[in-house]
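Reading through the C-alpha cells given below for one structure.
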Amino acid sequence: MLVTAYLAFVLLAALCAGLELAARRTAPPQPAPAAVANPAFRRFQSLFLRAYLLALWADWLQGPYLYKLYRHYSFLESQIAILYVCGLGSCVLFSPAAGWLLQVLGRRQACLLFCLAYSACCLTKLSRDYFVLILGRVLGGLSTSLLATAFEAWYVHRHLDARDFPREWIPSTFARAASWNHGLAVGAGLAANALAEWAGLGPVAPFLLAVPFLAACGWVVLWDWGQEEAEEGAGPEKGGPPLGAPPPAHVSARARFSRGCLEGLRCLLSDRRVMLLGGVQALFESVLYIFVFLWTPVLDPHGPPLGIVFSCLMAASMAGSALYRLATSARYRLQPGHLLCLAVLLAFFSFFMLTFSTVPGQPRARESFLAFLLLELACGLYFPAVSFLQGRVIPEERRAWVLAWFRLPLHLLACLGLLALHGEVSGTGGGEAGGGTRHMFAGCAGMMLAALLAVISLFTLGRHDADLRLEGTRGEGDM
C-alpha cells in the first residue's frame, strides 16, 4: 500500500493537470469582467480571502489523522464512533443556531469565535481523557457551523451594504475560494504526512500545526477586517450588534431567527423540486460522513501513509470538479442534472465495491482504496451540480434557512449510521468492526439507490423546466 499510495498520487496529479488544461481550452474566450479591473474590489476580495483561506487550511489539516489519533490513544472503534457522533450531533444543534449567533454577536465577532473555538478544539487533542476529547468534538461542531456561515455572511454584507459593489461580482470571490480549496486540501494532506510520519511527530502534530494558522486568521479578522469596517463605516445595522448589546436587540435576533426558520421550512414544503433536492443532499452527504469515519480503519492496518492517501482522495475530488467544468462546457454541453445522476451512480458503485473488498478475514486494501477514489471523484461531480440546482430552485433570500433544514436530516442520518456501527461493534465484545464495516457499506449503497430514485424523480418533474438547465445547451426533453 505504501507504493500504491505514492503511485496513485502521481497519477492523480497528472490527471488533474490534464483535465484542468482541457477544461480551460474548451472554455470560450470571454472579456475580463469589470470586477478584475476594479482595484478597490480586488483589495477587498484579497482581504476576505486572506482570512478565509487560512481558516480552510487549518480545517483541512485536521482531516487525515483524526481517527488515527484516537486509535493512538488506545480507544476502541465503538468509543471512536461515539466521538464522531458527538461531533455530528453538535453540528445538528449549532447549524440552526449559527444564524442566531451572527445576529447576536455580529458577523466579524462570529468569525473570531470560530478561530477561538477551533483552536481550543485542536488543543483538546493533546489530552487522552475521553470527556475532554468529547468536548473537543462539540467545539469542532460549533466551529464547522460557523465556518460554513460566518465568513460568507461577513463578506456578502460588506460587499453589498458597505462597499456597494454589484451583486454580480459576488460569485467571482467564491469561485476563487473554491479553486484554492482543493489545492489546500491536497497540500494539507502532504503537510500532515510530513509532520506525523516523515518527521515522526505522531498524529497529534497536524492539529497543533493548525493552531498558529487559526491565530493568524483571527489576527486578520480582528485587525484588518476591523480597519475595513472602521474605514468604510459599520454601525449596529451594518456590522451586526456588538457584544453586550441590550436585550431588545437579542429579542429581535430571536424573532428574525424564528421567522427565517419558518420561511425556510415553508419553502421546503411548498416546492417538490426543493424537497427532492434536499432528499438527495441528505442521503448523499450523510454517507460521506460515514465514509470519513471508515476510510482510516479500512486502510490503516495495511500500512499506507495516511496523509498521502488523504491527498490522493482530495486530488480525485479535484479531478471530478475539473471533469464537471469540462462536461458542462460549450463543447460537450452536458446538463448538471446528468452529472448529478452520474455522481450518485458512481457513489453507488463505490459502496457496492466496498461490500466485497471489506469481507472479514479477506480484506482487499487496494480495491478499497480504488473504491474510495471513485467516491471522491463522484464528490467532485456532485457538489458543483447540486450547487447549481440549489441556486435555481431555492430563492436566494431563503437559501441559508432551507440549506439549514437540509443539513438536519443529513447529520441525523450520519449519526444513526455511526450509532448502528457502534452497536454492532459493541455487540461483538468490543472487537474491531469486521462485518459491521461491510454491513455499513452495504447500507450506504442502499442509501445511494434511494438518492438515485430521488434524482430520477427530480428529472421527471423538471424535464421541461428551464430553471434546472444551463442556458444555451441542448433542447427540451433531454434532461
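Keep in mind that glycine also has a Cβ here, set from the backbone N, Cα and C atoms.
The signal peptide annotation in TrEMBL covers 1-18. The transmembrane segment annotation in TrEMBL covers 79-99, 130-151, 204-223, 274-295, 307-327, 339-357, 369-389, 401-420, 440-461.
Comparison of 79-99, 339-357, 369-389 by number of C-beta pairs under 8 angstroms to the transmembrane segment (307-327) places 369-389 first. Residues of the same chain lying 6 or more positions beyond the ends of the transmembrane segment (339-357) and with a Cβ under 8 Å from any Cβ of it are 280, 284, 287, 298, 320, 324, 327-328, 363-365, 367-368, 370-372, 374-375, 377-379, 381-382, 385-386, 389, 438, 441-442, 444-445, 448-449, 451-452, 455-456, 459.
Only sequence-distant pairs (6 or more apart) were considered; of these, at least three Cβ pairs between the transmembrane segment (369-389) and the transmembrane segment (274-295) are under 8 A, so the stretches are in contact. Using the rule of three or more Cβ pairs under 8 Å, pairs at least 6 apart in sequence, the transmembrane segment (79-99) is not in contact with the transmembrane segment (440-461).
Listed by sequence, the residues of this chain that lie at least six past the ends of the transmembrane segment (274-295) yet keep a Cβ under 8 A from its Cβ atoms are 63, 67, 80-81, 84, 88, 267-268, 309, 313, 340, 343-344, 347, 351, 372, 375, 379, 382, 386, 389-390, 393-394, 402, 405-406, 409-414, 417-418, 421, 437, 440-441, 444, 447-448, 450-451, 454-455, 457-458, 461.
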